[in-house]
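Novice: Quick one: structure below, then a few questions.
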Amino acid sequence: MIEVLLVTICLAAFPYQGSSIILESGNVNDYEVIYPRKVTALPKGAVQPKYEDAMQYELKVNGEPVVLHLEKNKGLFSKDYSETHYSPDGRKITTNPPVEDHCYYHGRIENDADSTASISACNGLKGHFKLQGETYLIEPLKLSDSEAHAVFKFENVEKEDEAPKMCGVTQNWESYEPIKKASQSNLTPEHQRYIELFLVVDHGMFMKYNGNSDKIRRRIHQMVNIMKEAYRYLYIDIALTGVEIWSNKDMINVQPAAPQTLDSFGEWRKTDLLNRKSHDNAQLLTSTDFNGPTIGLAYVGSMCDPKRSTAVIEDHSETDLLVAVTMAHELGHNLGIRHDTGSCSCGGYSCIMAPVISHDIAKYFSDCSYIQCWDFIMKDNPQCILNKQLRTDTVSTPVSGNELLEAGEECDCGTPGNPCCDAATCKLRPGAQCAEGLCCDQCRFMKEGTVCRRARGDDMDDYCNGISAGCPRNPFHA
């Protein structure tokens, strides 16, 4: 049985609370100071693991108490996860570091069906959570008091650059056949696909972080943690299978022209990387400022292709959440997803596949993305993402009724009387599409257009999309 850790977080009035401060996420104009106080439920004398499998945090946000449920992201790494760097004389050094007891979590806010969370507990609490449609960031304060943390809204992070940032993909979408939405409406977890992702860090990014490989590694792991959460909506699971840091020099010519860099990276992956490391998709993270407003570029509909199942990403922000969204966006192109248009809707202020980054952080894929992704998968049937290769040594026994989906679960079992979820297997019963959620009724997704959350004040209602159990936030909210 997983022991649950209860941490009570008390907000404290701080002399400089509300003033500007420089954090790892950037310059923040308004923030609250909190002090996490750990209260463990483990029996006296019990051996406490470094990072618990499941945790809860009680905290106050804007004066209101909330409970944050977190669960260790057990499928974050593949079974053969490796890390490679280069010695000063150019020798390739590859290791398989232990990642069983890692410190990356995902979760939700209690009593908020539209909430999400991605948190790193490696050195204090760092990450983000969504509460009542607002995105909050949390990270440790570098003070003599090591327990102090800052919590702040994403909107209070100063914009690093007012210039527009956008994806470099400019393909003519009208050349594609119309998508038949009806054919995609009955997807269940049995259709799930699995992507083993390999990330490469160029020499410029290595130098940007002063050669601190540990800092780069933590940043990458948290960004994949965020990506993994975003792709759950598409029934796609992501596992990080390897990281390579070009610590000595670049292995290709990384240049401001993104198309040329993407072409070179694809060739290198095909002729070098794939010969020594099995994986499904590779991304290059670079400190190079691509020409124009471009911050990322990928081939479209190319998943599993030796050269073209690739993307290049500019490390364009101090906020790992923003770079993670760019990584998720470019991977979406590899899966055949196009840029969103005005007719597409999603649960966030901005959709992940929007061609231009919005000042409102993108959190979800749109209904269009869902349909286009599975249209590509069903038509092209990319074989490399059929196999599930997650770490079996990190999977603990599922805990029924903990309101979190754990490794191997399709639904949270609860009690044997659940008509949608088999309590013995934690799998959906035959014919069931869902077991819980504001848009789940009698084990089926509610019809598109059904009101799932009434508006407050002058705001707008939220509606079910007909293809998921969650209640997506209306993109036209005030």
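Glycine residues also receive a Cβ, built from the backbone N, Cα and C atoms like all the rest.
Sharing the features that Swiss-Prot gives for it:
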type     : residues               : note
SIGNAL   : 1-20                   : signal peptide
DISULFID : Cys304-Cys384          : disulfide bond
BINDING  : His329, His333, His339 : Zn(2+) binding site
ACT_SITE : Glu330                 : active site
DISULFID : Cys344-Cys368          : disulfide bond
DISULFID : Cys346-Cys351          : disulfide bond
DOMAIN   : 397-478                : domain 'Disintegrin'
DISULFID : Cys411-Cys426          : disulfide bond
DISULFID : Cys413-Cys421          : disulfide bond
DISULFID : Cys420-Cys443          : disulfide bond
DISULFID : Cys434-Cys440          : disulfide bond
DISULFID : Cys439-Cys464          : disulfide bond
DISULFID : Cys452-Cys471          : disulfide bond
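I'm curious about the neighbourhood of these features; can you describe it?
Specialist: In the three-state DSSP scheme, Cys304 (disulfide bond) falls into the coil class. Long-range Cβ proximity for Cys304 (disulfide bond), meaning a same-chain Cβ under 8 A and a gap of 6 or more residues, is found for Asp280, Pro382, Gln383, Cys384, Ile385.
In this structure, His339 (Zn(2+) binding site) belongs to neither helix nor strand by DSSP; it is coil.
For Glu330 (active site), applying a Cβ distance below 8 Å and a minimum sequence separation of six or more within one chain yields Cys167, Gln283, Gly296, Leu297, Ala298, Ala311, Val312, Ile313.
Using a 10 Å Cβ-Cβ cutoff, Cys344 (disulfide bond) registers 20 neighbours.
Its own atom aside, the Cβ of Cys346 (disulfide bond) has 26 Cβ atoms within 10 angstroms in the protein chains shown. DSSP assigns Cys346 (disulfide bond) to coil, not to a helix or a strand.
Look at Cys421 (disulfide bond): DSSP puts it in a strand.
A simple way to gauge crowding: the CB of Cys420 (disulfide bond) has 20 other CB atoms within 10 angstroms, across all the protein chains here.
Under the three-state DSSP scheme, Cys434 (disulfide bond) falls in the coil class. For Cys434 (disulfide bond), the same-chain residues 6+ apart in sequence whose C-beta sits under 8 angstroms from its C-beta are Cys411, Cys420, Leu428, Cys440, Cys443, Arg444, Phe445, Ser468, Ala469.
Applying an 8 A CB threshold to same-chain residues 6+ apart, the list for Cys464 (disulfide bond) reads Leu438, Cys439, Phe445, Met446, Lys447, Glu448, Gly449, Thr450, Val451, Cys452, Cys471, Pro472.
The Cβ neighbour count for Cys452 (disulfide bond), using a 10 Å radius over every protein chain in view, is 21.
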Novice: Helix, strand or coil by DSSP: which one applies to Cys443 (disulfide bond)?
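Specialist: Assignment for Cys443 (disulfide bond) reads coil.
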Novice: Please state whether DSSP places Cys351 (disulfide bond) in a helix, a strand or coil.
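Specialist: DSSP call for Cys351 (disulfide bond): strand.
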Novice: Between His333 (Zn(2+) binding site) and Cys426 (disulfide bond), find the distance joining the two CA atoms and give it rounded to the nearest Å.
Specialist: 32
Novice: Could you state the CA-to-CA distance between Cys426 (disulfide bond) and Cys346 (disulfide bond) to the nearest Å?
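Specialist: Just about 28 Å between their Cα atoms.
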Novice: Say we define neighbours as other CB atoms within 10 Å of the CB. Which of the disulfide-bonded residues Cys351, Cys384, Cys426, Cys440 has the fewest?
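Specialist: Relative to the other disulfide-bonded residues in Cys351, Cys384, Cys426, Cys440, Cys384 has the fewest Cβ atoms within 10 Å.
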